Amino acid sequence: MAGQLPHFTEFDNPASHAPPLTRRLTHLYLVPVNLGLLIFPSNLCADWTLGSLKLIQGWADPRNILTLMAFSFILLLVFITVNWKTPLHQGRAVCMALSLMIFPFIPASNLFFPVGFVVAERVLYTPSLGFCLLIGLGFENLIGLKFVQTNTMTSSKSSEVKKVCSFKNGLHSRKYPRISMGLVIIAFVCKTVRRNTDWSNEYNLFTSALKVNPNNAKMWNNVGHSLEAEGKYSEALGYFRKAVNVQPNDMGARINVGRTYVNLGMPDKAEEAYYGALEYFPKPKKGQTYYARVSPKDLMVFINLANLYITKSPPRLEDAATLLRRAISLRSDFVDAYQNYGSVLIKLGRYKEAEEAYRNALLYQPKSPDLNYNLGVVLLESHKKSEGLSYLNTALTYNPQHEPSLFAVASTLGESANPDDQLRAINIYEHLLKQNFEPIKVHFALGMLQTDKKNYIKASKHYQNVIILDPDHKGSLFNLALLYRNHLGKPDDARNLALHLIKVHPSHIKSYLLLGDIELTEKANIKLAKQYFEEALKLDPKNILAKHNLCVALADEDDLEKSESCLLEAIAMEPKPQNYLLQHLEIIRGRLHSRGKHAYTKLNNDK
C-alpha cells in the first residue's frame, strides 16, 4: 500500500465519491441493508456495485428511519448485555453474538474507510454466525415459557379478585415456537435449493442478479460476457447496450459494445462505439497540469480501436500508432500498449522506434518472455543477430518452453552455414512439433531447412504434412512441386500440384513458369507452354524470366524471327541485360544466319 489507502472508482463504490452528508448517510444505511439480508435473505445478488443502491441525498429520505431503527436494535442488545438483571450466561451469549456480528463487519462497512464495494454478501458469513446465535437464544427463551393465569386480591379489605397473566416454564407452550421455527427452516431450505440453480452457471447467476438490481450495469455486462463466451454475439450485444443505457459513463460497457460489433463484422459501428468510450477519458486542459487515475481495463479501448484500424483495408497504421501513443501518455506503465505499438511500428518498417518501444516496456516487466522475444525479433530484423539471439535466450531463461522464442532461435540457427547450428535448429523444430506448436509453420520451416541440406525426401515429407493440414498452402505446394520437378523425377506430380496452386492462387506467377517449363521440356507441348508463359506476363509484364521462357518456346517452335524480336524486347526491359539473354540472342541470330545461308544454297542448286 506504500502507506496509502487503496483507490476505488465511482463504479466500485459510488457513495465514497459523493458529498460528505450523502456519503455518511448512505454508508450508515448499509447497516440496515445488511441486517435485512440476514433477517430476510430473499433478494440475494451476486454484486451490489454501481447503481444497486440509490444514494441518500439528505435527511428527508425515509430510509434514514430504517438506519435509526437498526442502530436502536443494536443499542438495545448492548443494553441487555450490560444490564445487571440479565442472567450472566445470557449476557455472555448475547455479547458473543454481537461480537461475531459487529467486529468482522466493521472493516467492510465503509464507516471508517472506503472499500471497493457497497454491499457484499460474502462479508456476512461470519456475522451470520452471530445472528444465528441470537436467533437461537431467542428461540431458547420462547420454548422455555408457559402462559399461565393467576388470581390475586386487590386489597386485604375487598373480596375483588384481579386476574394476572404471566409466562412461566411449561411444556405445552413450546409447540408454537417450534412450529414457527420449523416453518422458517423449511422456507430457508427451499430458498437454498432454489438459489443453487442460480449458481449452476454464470448466465443464471447474473440474470438472477438483474431481477434484484436492474440498475447494476456490471450485471448487464456480465450476462453479455457469458453469452459472448458461447458465441451468441447478437444476444450479448443487447445486454452490453443495456449496460450503456443504465450507466452511460461506463467505458467498459462501451468497449464491450465495440468488441461485439467487431465480432459481428460491423467495423464502422464498432469504431463509433469505441469513440463513444474515448469521450469519457480526461481531456488535457491547455496551460494546466492535472493528474487523473486511469484503469488499464479502460485503456483497452485504445488497443481495440488500434487493432480495428490495422485490420481495415487499407490498414490505417499511422492512426493506430497515434492511438497507442496516447494510451502510453495516459499511463506510462501500460505494457500492452507498448507491445501493440511496437507491432504497428514493425508493420510500418520503423524498426528503431519499435526497438525503443519494447525496451521501454521491459523497464516495467523485465522478466516478461513475450517482451524479450519481441525485442529479440526486432533486433534480428535490424540485422543485429547476436543481440537479438541474446534477448531470445533471455526469454527462454524466464520460460524455457516459450515456443515463439524457440521457433525464432531455430529459424536463426537454420540460416547458418554451420552444420551444428542446422542440427540444433532441426532438434528445436522437432521438439516444437511434439508440443504441437503451429505445426504448419514448423513443418514448412523444416522442409526449407532439409531442402537446403539437400535431404529432398525428408523435405518433401514435411511439405506433404503441411498440405495435409492446409491443402491450399501456397509455399508448400510450390516447393514440393519444385522438388518433384527438379530432384525427385516426378514431373506429373509436380504439374498436378502447380495446377492446383493456380486454381486456388490464380495470381501465383511462379506456378505458371513451372507449368510452362514442364510442358516445354518434359511434355514437348510448346503451344501449352506458351500459354502459361503468356499468362505469367499478363500478371507481370516486366517479368524477365517469363519473357525469356516465351522466347525459348518460340525458338523451339522454330519461329526464329519472333524469338529474336522477343529476346530484343526482353533485353530492353533491363538497363543492364543478363548475359544469358545476350548469349541466347546470339544463338538465335546464328541459327537465322545458318538458315539464310541454307536457303541461298538451296536456291542456287534449284537454278
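Glycine is treated like the rest: Cβ placed from N, Cα and C.
Any TrEMBL annotation is an automated prediction that lacks curation.
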Quiz item: In TrEMBL, which of the ranges 26-44, 178-196 has the transmembrane segment annotation?
Solution: 26-44
Exercise. Tell me the residue counts in helix, strand and coil for the repeat 'TPR' (369-402), as DSSP assigns them.
Key: 27 helix, 0 strand, 7 coil
Quiz item: Going by DSSP, how much of the repeat 'TPR' (335-368) is helix, how much is strand and how much is coil, in residues?
Solution: 27 helix, 0 strand, 7 coil
